[in-house]
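Q: Marked as domain 'Cytochrome oxidase subunit I profile' by TrEMBL: B:33-542. Feature annotation from TrEMBL assigns transmembrane segment to B:49-67, B:95-116, B:174-198, B:210-234, B:272-291, B:298-319, B:331-354, B:366-387, B:399-425, B:437-459, B:479-500, B:612-628 (among others).
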Amino acid sequence: MKAARVVALGLGAIACGCSGNQSALHPYGAPAIHVEHLIVGIVALCTVVWVLVMATLGAALWRRRQKKVETEISQQWLTMTVTAALALTVILIAGMTIASFYTTRAIGLPAKAALTITLKAQQWWWQVTYAGSAAMPGFQTANEIHIPVGQDVQILLESADVIHSFWVPSLAGKQDLVPGRSNSLLLRAEKPGVYRGQCAEFCGLQHSHMAVLVIAEAPADYTRWAVSQSADAIMPAGPDAAAGRTAFLAKPCAACHTVRGTAATGTSGPDLTHVGSRQTIAAGLVETTRGSLAAWIADPQTLKPGNNMPMVPLTSFELQDISAYMESLK
Amino acid sequence: MTRSKDGELRDTALSDRELKRALAVTWSAPPGLWGALSTVDHKVIGRRYVATAFVFLALGGVLSMLMRLQLAQPEARFIGPDRYNQIFTMHGSNMMFLFAVPVMQAMAIYFVPLMVGTRNIAFPRLNAFSYWIYLAGGLLLWIAFVVDTGPDVGWFAYVPLSGPQYGAGKRADVWAQMITFTEVSALAIAVEIVVTVFKQRAPGMSLDRLPLFVWSMVVTSFLVIMAMPAIMIASTSLILDRLVGTHFFNPAEGGDALLWQHLFWFFGHPEVYIIFLPAVGMVSTIVATFTGRPVFGYLATVMALIATGILAFGLWVHHMFVAGLPRLGESFFTASSMAIAVPAGLQIFCWLATIWAGRPVFKTPFLFVIGFMVIFVIGGLTGVMVASVPFDTQVHDTYFVVAHFHYVLVGGAVFPLLGAIYYWFPKLTGRTMSEPFGRWVFGLIFVGFNLTFFPMHILGLQGMPRRIYTYQPEMPWSGLNMFISLSAIILAAGFLLFFIDAIRSARSGAVATANPWGASTLEWATASPPPPYNFARLPVVDSREPLWTEPAELRVAAGLGVDRRELLITSVAEAVPEARESSVGNSIWPLLAALATTVALVWSIFSPWAVVWGSIPVAVSLIGWFWPKGVPEDES
Amino acid sequence: MKREISHSNVAFAAAAIAIGITSAALGWLREPRELRLDPPVASGLDGLRLMPNGISGTPPESYFALGKPYETDAYNLSQGKRLYAWFGCPACHGDGRGGAGPSFLDGWWLYGPEIVSIVASIRDGRPHGMPPFRDRMTIEQIWQLAGYVQTIGAYTPKVAAPGRDDDKQTRPAENRGPAKILFDQGPVGVHPDQGPSP
């Protein structure tokens, strides 16, 4: 198996040397690990087959032939060889089909998941909804899914407009989000970490910038996070953030975005109640900093041409204040 | 010169020289513009088809270089998302619908009648019509692209993105209507090929003596006839949804977005074999010629062709493994998708056995066949990989799949095609392509192709989805992408050299003899290029390799009339002569009918009334086409 | 050989002519997509000149310079369609047939059918319940929405108009000139509070 892994991943590893947070070859989730074993196995087997075929081709092309009289190769010998190769093909194919079948069973959804999260894809961001419970109200966030490590998490996949595909390669294979249907997918992270994913079904202008982060953390951390997310937005402390809040509510921002606990209740854009606590903005486009928030608000159509956030005319003071306010929404 | 009792002039009455002169008069097209527009000669139309398809190949290649320029660096601003989406959609649609399928059928238009030893294809006017319709469809797509109305929904145009609510403007309609044009032309050729092969073979060419290329084209034509109706229903439903508000794909009104995917891939997967099977036939032909022996396992190869054709209809769902279908059903399609590796493998083994037993001659066409083997086996094996459901969930819609289908389509079809062009160029033009140039072309394309596409497998596994116009600098993809873009220059240089060589050779290459490679099939039994009547006297065949078993003098059939375009109808299985049949003469009506059809189809992008009013000129042109003119060709 | 060359020349000439004609035909249907309007251009679009009674007027010069994109460009119309849903228009205007607010499909325009009037209605609001959207949408969005609203009440179908929704069908699609179809029904859904009947 070790050798097979080297064969399969050799080139990948040379070219990669990367963080590996969005790669089928660096799995940290149970389904992805199963699939990676299958990938390595099949790739290794296929590599052997290819080498054998090429060796045969080379031998057939350049084998030593008598100059004058070729001893006629017996038809029977050729027939037997071809038949044997064909039989071997059938056996290999059957073997791979069976291996594939067992892996399919291993990555299926369990009867009962510890947690169910609803993911609704839209052009071009992800709306994440956590259902409420007796202890805690439900809440919405965007482009960032937190899950407890080591637990089965069921993701319900829906689409608000066109077909998208949810794919976090380090955790699991992909699954489409089809309007009019509800699919689901099993996530189970075996190790805490930040796993990046991306829409994998072409969905229009900004298909390229439709990333999602899955953050797997210890159950206690997860619970702490969920409780803080379910709370309303804090009142900003600093003067510029407070001014930003006022500007945010007075400007078109509030017509599309919700900040829970304020008059902003728009639903066509992502929920911004705790936007400052997220690692990235604009569906994984840039890291959340005050500067990137300002850049994004000032000119979303240059950073992500064609997305549905308009360029709202703001004075430089308003821009500063609003980005300060956004950053403060931890 | 003596006429028979009924006043007909028969070839038995003429010397060879007189016969050739008389046949040339009967079969030629008039000179000048009128002749060019009204000719029904399968060779002229076939050549036009091939040349047009290669123009589209070059245009599609330019698009791919634009994409590589944009992807060479992260967050490049060379092309915006709107244009990039049009570019990759155009690249895919153009290569699949305007290049790959038509070029294979075009080769069949030219060579199948020659290889079965007849004088023209069946339904020659339909053949002319098919070309004009194809040209119109290609122009529609490209003109739309030039004026910024190019389709931007991907070459499989998934609804609802391509539907009325999310596909703004006429872009998706242009795509869907281009499909209509190409499916009409493809269906027309498929019917012609089937009839030509089943009813017009040379006497004695029973089905078990059919050249393998002809077999592959017969199977391909049946695939076209059975697969194209699915895409016709799909694209028509899409246009109806978009134009008159039907609800085929609207889930809220009982439609289904996945219905599109089923219909599209029920066509789309056989489409791959529509492109690949003719290439298989080309490989068999080239292997036989350049190893100097018949392909090992004729029966096995033919059975593999047919099995591939049948299985092709049973595995469309492997394009939908992540759409959320029931797992048990998906496992069935895993099994069927993997099973197609068996006939494919059988063919590879038969070619290997042929090469083993023969004496390979390393000329350019054969080099392309070797390249085909190396690349296609990789593509086939990655095909086995994506057939597995769990494997596919990780690589579906990623660069791994991009790499896979380029290995299959370029390796499996374009390499044999280029080999076939080098091989048949003498028969197409009467001149030979340059051998030293050919080696360079092969070397550049082979090396460039592998350097360009192999790393894409790795990119896909590293998480790079396809159809993205850019990626962020923090992703670990930029090094490989730059490498791929640079390698693509090598590949492009190879194709450029190929085009230069082809154009140069067509004008001033060495003049070719009738059978420069010493090949075995009937197209080499006549001059290069063949005269308008193909064969002065129709050959009679009594083996699978007529030119190898009787190299001295081919037996010929006698008794055909020369006053009118006559050819021989033979029985389906044994090719026993049944009747003398006339073949139609030149006509301008196919062009007019194609123009009328084009007007109706383009108009129907904008208004449903086009179907009503546009059908009037179509009807007029068809009446003109079929109007009895009292000439012998039309009478009998 | 000579004759063949002349054949190919003829074919090239024919192809060139065909390309020319079709380009010209498609040229006027060109669909350039302006994904990002320069801020000065956008603010220029705010400069409507309205008649004193707030009905009718002229759009800013820049609107003509842009080629009247909000009435003819398919992309802007489809964006307008999104905005119609996102900004709560259906709450009063339903699917276009009205409700608490007037219908767009009955062929009656209380403030005239020109796009400036519609822009002004959305931007500044109107008596009897139409709120101003000045502070909730950008001016570009208002133009996009106005173009869409004008389209759903058009008498003659627009080629660039979007077809049906991916939703329940409740009325004829926008690309079919519904006002013409529904005009016979007369004004529907006119609320007494909406002012004098036209």
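Sequential numbering from 1, following the chain as shown.
Using N, Cα and C of the backbone, Cβ positions are placed for all residues, glycine too.
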Q: Which residues of the same chain, at least 6 past either end of the transmembrane segment (B:210-234), have a Cβ under 8 Å from a Cβ in it?
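A: Same-chain residues near the transmembrane segment (B:210-234) but 6 or more away: 101, 104-105, 108, 111-112, 115-116, 179-180, 183, 186-187, 189-191, 193-194, 197-198, 201, 260, 263-264, 266-268, 270-271, 273-274, 277-278, 280-282, 284-285, 288, 295, 298, 301-302, 305-306, 308-309, 312-313, 521-522, 544.
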Q: Report, as numbers and ranges, every residue of the chain located at least six residues beyond the transmembrane segment (B:95-116) whose Cβ falls under 8 Å of a Cβ in that stretch; write 'none' if there are none.
A: 42-43, 45-47, 49-50, 52-54, 56-57, 60, 127, 134, 137-138, 141, 155, 178-179, 182, 185-186, 189-190, 192-193, 196-197, 200-202, 205, 210-211, 213-214, 217, 220-221, 224, 271, 274-275, 278-279, 282, 409, 413-414, 417, 420, 424, 427-428, 521-523, 526, 530, 534
Q: Under a Cβ pair cut-off of under 8 Å, which of the recorded stretches B:272-291, B:399-425, B:479-500 contacts the transmembrane segment (B:366-387) most often?
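A: It is B:399-425, which has the most Cβ pairs under 8 Å.
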Q: Mean pLDDT for the domain 'Cytochrome oxidase subunit I profile' (B:33-542), rounded to an integer?
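A: Averaged over the domain 'Cytochrome oxidase subunit I profile' (B:33-542), the predicted model reaches a pLDDT of 93.
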Q: Hey, which bits of the same chain come close to the transmembrane segment (B:479-500), Cβ under 8 Å, at least six residues off its ends?
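A: Those are 54, 57-58, 61, 64-65, 68-69, 71-74, 418, 437, 440-449, 451-453, 455-456, 458-459, 471, in sequence order.
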